[in-house]
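Structure, as structure tokens:
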Amino acid sequence: MAFWISQSLNALALGGLLFMLASGFSLIFGLMRVANLAHGALFMLGAYLGLAVVKAGFGFWVAAASAAVAVGLFGGVLERTLLRRLAGRTLPQVLLTLGLAFIIADACLMLWGGDPMRLPPPPELSGAVRIGDAVFPRYRLFVIGASAAVALGLWLLVERTRAGAMIRAAVDDVGMARAIGVSASTLFTAVFCLGTALAGLGGVIGGPILSVYPTLDQDMLPLALLVVILGGAGSLIGAFVGAYAIGFIYTFGQVLVPDLAYVILFLPMIAVLSVAPQGLFGRRLG
Amino acid sequence: MAEPALHIAGLSKQFGGLPAVSDVSLAIMPGERHLLLGPNGAGKTTLFNLICGDLAPTLGSIRLFGAELVGLPPRKRTAFGLARTYQILTLFPHETICRNVMLALNGLKAGKWGTWRAFEANRALRAEAMAILDRVRLADLADRPVSQTAYGDRRRLEIAMALALSPRVLLLDEPLAGLSRDERVTVQDLLANLPPDVTVVLIEHDMDVALAFAERITLLHHGRVVATGSRAEIAADPRTREVYLGA
Amino acid sequence: MPRMTTRAAACSWLAATALSALAAWPVAAQQPPIKVGFMTVRSGALAAGGKQMEQGMEYCLAERGGMMGGRKVELITVDTAGQPATTKTRAQELVERERVNAIIGPLAAFEALAIDDYIRQVGVPVISPSAAAEDLTQRKVNPWFVRAVGTSAQANHALGEYAAKDLKLKRVATIGDDFAFGHEATAGFQRAFEDNGGQVVQKLWPPLNVADYGSYISQIRTDVDAVYAAFAGGNGLRFLQQYAEYGAPVKVIAQMTTVDEGILKSMGKEAVGVISSGWYTATQDVPGNKEFAAGIRAKYGADPGYYTAGAYEACAFLDAAVKAIDGKVEDKQALMKALRAVKLEKGPFGEVTLDEYGNPIMTVTIRKTEEKDGRLQNVVIKTYPKVTQFWTYDPKAFLADPVYSRDYPPAKNLGK
Amino acid sequence: MSPRILPFIMVLAAMAMVPLVSTSPFYVNLTSQVAIAAIGALGLNVLVGHAGLNSLGFAVFPGLTAYLVAWLSTVGGFDPVPAALLAIGGTLAASMLFALVALRTTGLGFVMITMALCQIVWGAAYRWTSVTGGDNGLSGVPRPGGAVLPLERPEWFLWLCLCVLALALLQLGRFFDSPLGVALRGTRDQPRRMSAVGYDVWRIRFVAWMLAAGWGAAAGLLYAWYHQFVSPHMMAVTASAEVLLMVVAGGAGTLAGPLIGAALVVLLKNLASIWIDRWMMLLGVTFVVIVLLMPDGIVPGLGRLTAWLRRFRPAPAPALVPRERTDG
């Protein structure tokens, strides 16, 4: 019993982290049709920035907020200055975002060195709690809650606000949205900021679990892509379901069939894509 | 009575529970000029997509000269003598006009699997394509890339692509959409000069052209057949007014 | 367009040709510098270890005034990026373009194996400052290769015996990186531990790039006396940190890189109390280490660890060999012979000799991680002198067995 | 001699002459690496440039072949040539199975499913230690040849690579102009129309997939013979991404693009690193600059540049540089 409880909580915590990473990716992809392959690098940049803020003597919460804002602004600048020129051109976007990922990763290595570093959780969240027979870290419970809060916030933003209505309209049909007075230009930048800010926030939130090290981006990007593909690109609910599905498959798969640890994520994905090429909640793309 | 060229029976298509086409039955005789009429969203293009195999019907059967089409992929239906044009231009923008037609011509030929000899070097194919382009008055633009042609030329190319298949049944989806007055006349001539044994099903909103061309008309509304009959019958039918004015 | 490439290619090729011709020109009249190729890692996951290797190397050369055997040393440093294919190309660059007299490197075992055949073919002396793959000095001995560090399992045999005899542990679970280094280290521990009466009852292998150890930590059995951890690079930090979050139910004993000084500086309280074994720790009391550790600390502000000491030692090996042949490194047969006969009286590893396979016989220590002088240190609690890669086993019988791996020696007590 | 193939012959000839001018086998070996990378990139270009199927798992083809030939010729005890034939055959057979899964999707789904397939093979290579050697890989792969064809010598091996590269250029150059090549681009631009005029879109894509697999396998074979070892790293996502970058940077859909892209990446990685420490950064900056100046890649970009420059001349000069295909 303790086994199932603690592994389920592990799965929820991992799923929550993945949601923070993948929801931004999915929002950006849904609205702008840009597969932002620098998303993992931005996640890592967020973690490093958060760490720098913590080391400068500010608390964890300040670090999380400032990393989110800084990475979001950085994302906005990238969108305005670079990505904008390549609207609708998949291959150049791939080349550009991968190039940016290289640059960001190498810059982090230059600035912070190669040593893996610890990002300590805030003191009020360190230590473990007992749940039944299982012992579970308090910080991971926080991650579960925080990611659920982010998910709820995003859902409210998209479904219940005017800005969200604009996003939904533009996801369905950019031309139509323009016709009814949505400024696509502003909207694109805003969503790109939001998506990258989520990545930056995710980096700091994930830091105490994953720690901060040079190839964090390469370890996380494939997971984000898997979530988005499984759930369906461009769908918030898809990212949500996909993230937790991956969290559970990854956690339980590695435990129950360790021989398949390396392929456990890819087998279900192939099965899903063979049946539903657009993913579970994806819409057919042009 | 002769066998219909195109015989549709009890055809239905639902999209996630919403009916797009409901229980449509039609019999179109060889050589007939048949017009599908109906307001936007009546299910006309969906019906074309069902006939050509881009969509699979929920229920019903489609026969072409007696052969059942349901379950066959589009390319096999083409081999039975079915061809269509698209309301939204569906051309190869990077190729020249002539190569567009050559590509369409090659679709039913074994030579399409060739991987060594240049496509361009197939003179017989090119001659065939030029003959078709002559029919649609595009021969002088043959070597211009599609991306550098006018909209009206593309509309005619769209028809040429279908003609390249030497169809027995030809489905035309708004062939006049977006054309200028002069261009319309050209296309109208072209339609009038189609071989009489080719069965033509037309979707068109320009009533003058459509009524001049079609012998029989089917009125669709909300995915259902409201009425089928001759030009005069449909014009006189009160339901026609109802669909167009009352709804 | 292709015309452009031709021209560009021709230009760069000609320039390169001219450059290498110039480089081959004797600069000093009689004694050109000894050219030493140094393969490190500056990008990717292993960059931290690469940087420490560079510090050890730099310190060693500075200590010798940039001279070996009376000749100046020209160090050519290349970045392998931790990729086997890149490592091979860099080795070719060093041998074919720079025409080095010897190579120190590379960092990872899979990199060393990637150039194994190549260095046999071209015959260039290679000293490994870090790569610990067992077979490089066991079943696939390479005549052009010596190792300045131990094999993956070398220090873990000692830990196995210590755990059973001194710590009196009966049942141990193991967790280690799922790659050859982790497999070999764990196998060595398991063999010695079980030969001394212990039982390994659980073996876990998280993939090298696993995002989260949580699901593995939850699996570690709580009815064991200790968990043995074998992690490399930053994984030791991640594992111990997450393990502590789960309340650290059983105590940890560890293979040396898990709590190496290179990452110990990034760790917190979670590392305190971990017992590990290794052939190097900054605190060990062997001839020459006190000066070395203090010197590194003064120069780089951090305790030396596995990679720093390994690179230093490799450099010291080369220095000793060059001295033995009076600087005549052009005779590579002689240089190789001298390398295989190296005997060091002092240094970070203390007294070191090589066995007939080119692997060091050296002191192995058992240590406990404690907080001392405001930082984490590995404090030596027991010393095993003159440990070979074969431990107490007969080399012939040892080599007749398969190489250590995930499944060898078989764990007979799993699930007990 | 057609003016279109002249530049290719010149480039190949220049590459073949490297051993004659270079004082060090290093540059000869580097040229071999460019040739091998170019063969792989040409294979991927069939999918990316002509079929419109962007793959992030191309490394599975060279990877499978390299592992098969390495295992067959070391553990399996086969001679290098029969081992090579079996390895290529095995790769093609496996590719057919992969096609059944991968070709069900297009777009982003295809990107991911190819990545997944490659990761599965990577995982098998990494985990199945008893056969594949795990992360240590398999070493000691013998090159074929003997007294007549001393392939263990760098220059002879380079010439072998260049022969294969020439073959790839010839076969693919013909293919892209052939009826099937035109039809393949048709399935990229208007799959629906292609189906409506009688083409079997799936089978056309299947042929493209197998062509890519075949040239990928050839590259993998040469890779294994060149390095004489294989390891799972060659099937990592970054390895697939690298080939994709070669194709896109050079110009997807062009014949010269993959060649230029391969040369760019291999030389940046291996030559620039001699002078610059932060070559990863340099690689990233190079990609960003290329994409900003020439979004379609180097070859189409330069084609456009020369066309632009020519406008300033009073009379058109004789066409030394043939117009490149820019239909990517």
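Each position is counted from 1, following the chain as shown.
Glycine too: its Cβ is placed from the backbone N, Cα and C atoms.
Since this is a predicted model, take the numbers as computed values, not measurements.
The annotation transmembrane segment is assigned in TrEMBL to A:12-30, A:60-78, A:90-112, A:139-158, A:179-205, A:225-253, A:260-281.
If you look at the transmembrane segment (A:139-158), the same-chain residues 6 or more away from its ends with a CB under 8 A from one of its CBs are 9-10, 12-13, 15-17, 19-20, 23, 27, 121, 125-126, 129, 164, 167-168, 198, 201, 205-206, 208-209, 236, 240. Contact count against the transmembrane segment (A:260-281) (Cβ pairs under 8 Å) is highest for A:225-253, out of A:12-30, A:60-78, A:90-112, A:179-205, A:225-253. At the 8 Å Cβ threshold, with sequence separation of at least 6, the transmembrane segment (A:12-30) comes into contact with the transmembrane segment (A:225-253) through 3 or more pairs. The transmembrane segment (A:60-78) shares the most Cβ pairs under 8 Å with A:179-205, out of the stretches A:90-112, A:179-205, A:225-253. Distant neighbours of the transmembrane segment (A:225-253): 7-8, 10-16, 18-19, 21-23, 25-27, 29-31, 151, 154-155, 158, 171, 260-261, 264-266, 268-269, 272-273, 278-283, 285; these residues of the same chain sit at least 6 beyond its ends, with a Cβ under 8 Å from one of its Cβ atoms. Same-chain residues lying 6+ beyond the ends of the transmembrane segment (A:90-112) with a Cβ under 8 Å from its Cβ atoms: 33-38, 40-42, 44-45, 48, 51-52, 78, 82-83, 212, 214-215, 217-218, 221.
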